[in-house]
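Here is what TrEMBL says about this protein:
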type	residues	note
ACT_SITE	B:C87	active site, nucleophile
ACT_SITE	B:H196	active site
ACT_SITE	B:E198	active site
Amino acid sequence: MATETTLIDTTAHAAETPETAQPYAELGLADDEYQRIREILGRRPTEAELAMYSVMWSEHCSYKSSKRHLGYFGDTTTPEMREKMLAGIGENAGVVDVGDGWAVTFKVESHNHPSYVEPYQGAATGVGGIVRDILAMGARPLAVADPLRFGPADAEDTRRVLPGVVAGVAGYGNCLGLPNVGGEVVFDKTYAGNPLVNAMCVGAMRAEDLHLAHASGAGNKIILFGARTGLDGIGGVSVLASATFDGDESAGGRKKLPSVQVGDPFTEKVLIECCLELFAKDVVVGIQDLGGAGLSCATSELAAAGDGGMYVDLDRVPLRAEGMTAAEILSSESQERMCAVVAPSDVDAFMEICRKWDVIATEIGEVTDGDNLVISWHGETVVDVPPRTVAHQGPVYDRPYARPASQDAIQSATPDSLTRPSTPDELRETLLRLVSSPDLASREWVTQQYDRYVRGNTVLAQPADSGMIRVDESSSRGVSVSTDCNSRYVYLDPYRGAQLALAEAYRNVAAGGAQPLAVTNCLNFGSPEDPGVMWQFERAVHGLADGCAELGVPVTGGNVSFYNQTGDTAILPTPVVGVLGVIDDVRRRIPTGIGNEPGETLLLLGDTRDEFGGSVWAHVVHGHLGGTPPEVDLERERLLAEILVAGSRDGMISAAHDLSDGGLAQAVVEMALVGQCGARLLLDPDADPFVQLFSESAGRVLVAVPRTEELRFTEMCSARGVPWRKCGVADEQSNQLEIQDVATFGLDELREAWEGTLPKLFA
Amino acid sequence: MTARIGVITFPGTLDDGDAARAVRHSGAEAVSLWHADADLHGVDAVVVPGGFSYGDYLRCGAIARFAPAMTSVIDAAGKGMPVLGICNGFQILCEAGLLPGALVRNDKLHFVCRDQWLRVENTTTSWSTRYDSGAEVLIPLKSGEGGYMADKPTLDRLEGDGRVVFRYVGENPNGSRGDIAGIASESGRIVGLMPHPEHAIDALTGPSDDGLGMFYSALDALGAVAA
């Protein structure tokens, strides 16, 4: 990066020395990208400008490989879908009107590569970053959730990465005082060397308090507040998140801190409270968090979204390292920093609030009536650029994409020829093997390291299908979230797999009793330079967008993470889908465990087909991945959600659990164990017990209804055209799960199988 | 008369809102106290809530103990004002010398969040009279440094004087000596515990409403009328 010279590379100097060789390639810029910068500026960029462009034009910040396809989300969003959207793609996070004047904002972001290099800090700062994104919308962060993916559970490196990531999520999130209400833990060999650490945050505000990031009004002051700026994370965006894990020894020979940033959750907690007080006192015109690309990103995005230029004096930035160059200050990714635009008359009040919270706040510049973002250092101009060219006009690639020739072979290798269990003993053994597999075993070893209680509004949390948070204590209005993706399905058929991820998250939200309302995503894929990966990406985007249009739920934002691969082997394509739902009265939530009412009837809603492509059974028992994933019927999913929401509102359902990985067997085991209640399951004598127990057909939910509500509920299902089958009863007097004519299990036996696995691997 | 119970907020306090909500649920008035303000605003009792005061980067509660508000609490406690320390608040009361012993890192080294059964061992303190002796209550425990430690003479004295107020039932979650979850001062006016009664005031958001008993007990101790 910047060489240590006594001469400051000013814009004037750059204009005089066009031939100076610049390390643009090391910074991740292609030849034509560098040439474009020279064309934009009419001269070579200064060191500081080159640092800004290189981080802002990196894949991570500019979405240069994905932008072309992401436009499809907007193309498929109808005016009706837009109705409840207060802010969408392009803002820090999407914002949705959830009624009663409340607006809710939510987003998922990846922090994959840093978490492989340094699991604890990578995961911790992932949480910190997403929380600041939510804060930058003017919302109070309410809860977090973390979809995580690792290599095989018994792999040596997973023992390094998983405990570190979980401790990092816990260490940062718990100290921030945000309940962790959900997420995922998934194991697959393609994630070895490429763990996925996605972080979700949900926040709420009064609709009129929405703060969008922009710098308007000449004369308004730019205030940087929060932590000091140091050498940490420099180059993290352009180097780490773009292509390689190569070291971070600077070109100039100066030793820098590791590229992975170090988090300080205490500073962030104080920053949250400070920001909320600043919002409440209405002393902020615009606000932006500092995340990837640090000040480069914050200043250029604020200026690009405003109506004028901006002047920033880097000498005023509070530093915690000596001898930093302008380029280093601009690209530092020191955590826990925010940038605000403040009217001159409010600066004193702003500073007073920051003093109360012991938050360092410094006026570093102002909005100007010029066109450019101008940055000075030691009294000389080191940056003078049109801000939009940095923030929004980065390169856009039309990467080639093509269905890989191998896809046909993958799909024709169906699981039909795999040996299936048939005798009662074999079925019994299969159930226990699946329940105790790392794929399906209880996640309690992970989730009990997370505080799910703080703030006292958590209504549902893991192991429930969705996390549910009360937003308004007086009205009991609440929201719920679920994130899902079965990447084996996506691998077999990216279009349908993405729709299945959407269907599952949508169904999980409805299973708690909430009406699904909006969608976010975190699209984790391999290298975009591989046409096969780009095809997976293009298909997944289309599948998700078309699915959202069919369900009438808008995509409000998202995140893309490419280059998740080792050598030529990419991860399974993993478009994590997050669905947000709203519930009028959280007291009507539907829990997961049975036994809440005396004598419940178990009803299976939906159709069960012989569908084992990408299933847990094929994966765990046969190490097989081939064929096609289950069919998806989004109209059915919509009807199911209607029934669940109506059933919750009218008190007809006392427990519900979505059927997904592991099918009916896994769902009934979890409902019994969570509810600490025995049950009897009656299979259809005319159908194959193996298919009934383990098929992963989508569009199904197992519900428990009080006996008194059974008739009313089943009549509603019939009237709405959703098939149902009475498949058993809960028995609170029993400590057994009996699957009639197949096997009987003690709940203790099941609990040991389900809960014993992760502690044995990781404790 | 409605009792007024103060809840202190330090930088990094997390469960102050929950503690205030629990106070209100019990029928008392919750009064916010700011760490930098030595004025206790005439409250009748104080709750020192959970969190990570000042980030707890040094030793849990080590810095918070010196806050102006805590100096006033130490003074008022000496005159008999009931004080409840929850989790980080318990750690702060130990650091402040209001309760003996210390809390150390969990023996399994992980943060633990779980619904924990506790047995009520002493029903005579200002914060436990509403419970039946030997009753088992279900209260969330969520901490990384919850192992109660003290030297043997101190532990013997606490046990001998019946100052162990709450004890973990079943598997010890954090390596606490004697399965101790909470203890009282000699006077019984000051109680500290690691589990979070403020998260167990409503079966909607917690595992039970067993935690409310502590707040009702304090109102009884103050001679106020509970709603």
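Each residue, glycine too, has its Cβ placed from N, Cα and C.
A TrEMBL annotation is a machine prediction, not a hand-curated record.
Recorded features from TrEMBL, shown on the structure.
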| residue | record | Cβ neighbours (10 Å) |
| --- | --- | --- |
| B:C87 | active site, nucleophile | 29 |
| B:H196 | active site | 29 |
| B:E198 | active site | 32 |
Could you tell me the C-alpha distance between B:E198 (active site) and the residue listed as 'active site, nucleophile' in angstrom, no decimals? 11
How big is the gap, in Å, between the Cα of B:H196 (active site) and that of B:C87 (active site, nucleophile), rounded to a whole number? 7
